[in-house]
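One structure is given below, encoded as structure tokens.
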Amino acid sequence: PIRSIALPYLYVGLPLYILKNVAPFITLWFGINLKTPYMLLIVPRFMCCLLSFLTDFSLYKICYIYGQNYRVRLMILASSYVMLIYGTHTFSNTIEMSLSSVLIYLVAECMCHSDQVIYQDEYLRDRYSTAETMREKVRLSRLRNSLPGHSLSSCIAIASVTVLGVFNRPTFLAFAFPPVFFWLHRGLGSKYIGLSDFHFRIILLALSAIPMTVFIILIDSVYYGYLTWPEFTRGMLKLDKNFVVTPYNFIQYNAYTENLANHGLHPRVTHLMVNIPLLYNVLGIAGVLGFLSIVYRMIQHRWSELPRIQSIIGLMTTSFIIPVALLSIFPHQEPRFLIPATLPLVFLHSQRIRSHEEQNIYQRQENGFTVFLKKESVLNQKDGLLKLWYFINIVLVIFYGFIHQAGVYPLMDHFSQELQDKPRLTNIHLVTSHIYPLPISLLHIKKARVVHSPGSGVRYRMAKDFFTYEMGLSESVHNTTLKVKEVLDSCQKKWTEKRLKYKLYVAIPSSLATDFQIAALQANITVSIESIFYPHLSTEAMPNFGLDLFKKCDLQTFEDCRAHISFASDLSFGFALEYFSYVVHQFGLTLLKVKD
């Protein structure tokens with residue numbers, strides 16, 4: 001296993017456990033069934049949405065501590081589609097973003113606290129060395145001893161958050177490295193803090209990480225069956241046999257390019273040149289330009305113009321640049337891998353697209369009365385960038401929130417009802433093509449297990465009655481047809497031998513539905529459209545917009561596909577409506593039923 005189960009238990013398991021125990025009472029009192037695919041989808045997402053507010057809270061606290069404008073930054077953060085879409089989905093990257101934000105906040109708070117204490121400590125030491133009377137020295141010594149400790153501030157919290165992040169996604173190491181380094185580096189270079197403090201902090205941080213590490217390893221080992229109660233009670237434990245360390249397995253798996261090739265390989269510059277602008281558009285371009293500006297200053301040896309290593313700007317800059325650079329080493333690069341860099345990017349560059357909000361209402365005394373007047377606002381370049389920011393994010397929210405792969409949930413909802421209404425001893429088979437992996441958990445299918453009947457003493461196994469065959473995102477329509485033929489032959493054989501009834505369905509984007517119908521008819525497979533779920537778009541099966549492909553085919557013989565339009569009617573209003581309907585109908589997910 002390469003993924004830890006500990007955190008999913010928190011943000012998915014805990015809400016579902018509460019739902020499971022509350023649902024019977026809601027059904028009894030109000031007659032409302034909460035155990036539906038919709039609730040199974042929404043409840044964990046609501047939990048992730050709540051956790052995503054940790055990013056907002058962390059950004060606010062950092063701005064408050066350092067006296068920065070938090071209104072502009074929070075507004076940019078809240079209007080980003082990254083928060084509205086990724087922040088409300090059950091991605092491990094969403095949890096990684098929240099933990100990364102909390103870690104940066106803890107470190108920023110420690111840095112500010114240490115700066116204040118170190119400044120006061122050095123001031124009192126200098127005053128003590130120049131004091132002339134013993135009484136003055138005693139007073140200064142007492143004042144210095146009353147200063148709060150700062151060297152190990154939030155050590156346990158930082159260690160625990162780091163461990164949680166690494167077990168959630170080992171890529172968290174890239175995002176945790178800059179904040180942890182800045183925490184270790186606090187005050188280094190001042191008069192009274194040296195390398196011994198740096199090394200002591202490393203040791204204490206490592207020791208503080210042990211309890212959380214052991215706790216998560218135990219949870220994973222029990223969940224995956226490596227550690228059992230009999231082995232634990234008998235003391236028959238071996239480190240290499242009974243304990244599983246998922247981050248180590250994750251790193252081992254991703255160290256081989258052949259494994260990454262199964263998920264897709266990308267150029268090394270994909271994160272920098274594609275994913276950052278795709279995720280953050282105007283803000284992302286500002287971040288890339290800021291990075292190039294730093295590189296240019298380094299080439300010019302203008303070291304004094306670089307962010308100071310112990311400043312909040314230095315922390316945010318490295319927390320954005322270093323993770324992107326480290327993740328760019330791996331050839332598999334998806335946009336969601338970068339969303340933990342949201343907080344530092346927003347902190348650094350929000351001011352570039354949104355000017356500082358000044359008080360636009362002022363008061364004036366007139367005839368003994370106080371009147372409030374509004375200042376005249378002058379449109380500037382940043383207002384244009386802000387409008388562009390809003391427009392792009394609205395478009396992306398609509399696309400990723402309501403169109404992209406949007407037919408998957410209605411499909412699952414349809415089969416949830418189908419499983420309830422189907423006759424006994426009937427198996428349902430579903431072949432999918434060019435859509436994402438199906439969230440089978442929404443169907444609330446009971447796990448196949450051996451059941452014992454106390455009355456008769458008979459043991460029997462709950463048979464599986466729903467089968468999926470997922471062809472992925474890139475398989476051809478021809479291969480999908482061959483798979484349907486294979487499943488159909490198997491079902492007919494079981495019907496002949498065991499009289500086991502079946503229903504066979506195919507789910508495919510509407511843009512490929514006609515091609516599949518043609519291929520199915522050529523393979524002597526009879527299909528009919530059961531339902532179409534709108535809207536739905538799979539970028540791997542984009543709709544055809546070409547006029548040359550706008551044809552009406554005879555679905556009885558497929559011997560002749562005659563053009564549905566003629567040169568005389570190309571510019572007619574009727575043609576425009578029909579072409580518009582043709583395009584719109586491709587934004588759907590077609591469910592076809594294979595007839596016996």
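Counting starts with 1 at the first residue shown.
Including glycine, each Cβ sits where the backbone N, Cα and C put it.
Curation does not apply to TrEMBL; its annotations are automatic.
Some features that TrEMBL has for this protein:
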{"type": "TRANSMEM", "residues": "9-32", "note": "transmembrane segment"}
{"type": "TRANSMEM", "residues": "38-60", "note": "transmembrane segment"}
{"type": "TRANSMEM", "residues": "147-166", "note": "transmembrane segment"}
{"type": "TRANSMEM", "residues": "172-188", "note": "transmembrane segment"}
{"type": "TRANSMEM", "residues": "200-226", "note": "transmembrane segment"}
{"type": "TRANSMEM", "residues": "278-299", "note": "transmembrane segment"}
{"type": "TRANSMEM", "residues": "311-330", "note": "transmembrane segment"}
{"type": "TRANSMEM", "residues": "388-412", "note": "transmembrane segment"}
Quick one: do the transmembrane segment (278-299) and the transmembrane segment (388-412) reach 3+ CB pairs under 8 Å, ignoring pairs fewer than 6 apart in sequence? yes
Take a look at 9-32, 147-166, 311-330, 388-412 and tell me which one has the most Cβ pairs under 8 Å to the transmembrane segment (172-188). 311-330
Do any residues, 6 or more residues outside the transmembrane segment (147-166), come within under 8 Å Cβ-to-Cβ of it, and if so which ones? 6-7, 96, 99-100, 102-103, 106-107, 109-110, 113-114, 117-118, 120-121, 124, 172-173, 175-176, 179-180, 183, 186-187, 193, 197, 200-201, 204-206, 208-209, 211-213, 216, 247
Same-chain Cβ contacts of the transmembrane segment (200-226) under 8 Å, 6 or more residues past its ends? 1, 4-6, 9, 151-152, 155-156, 158-160, 162-164, 167, 180, 183-184, 241-246
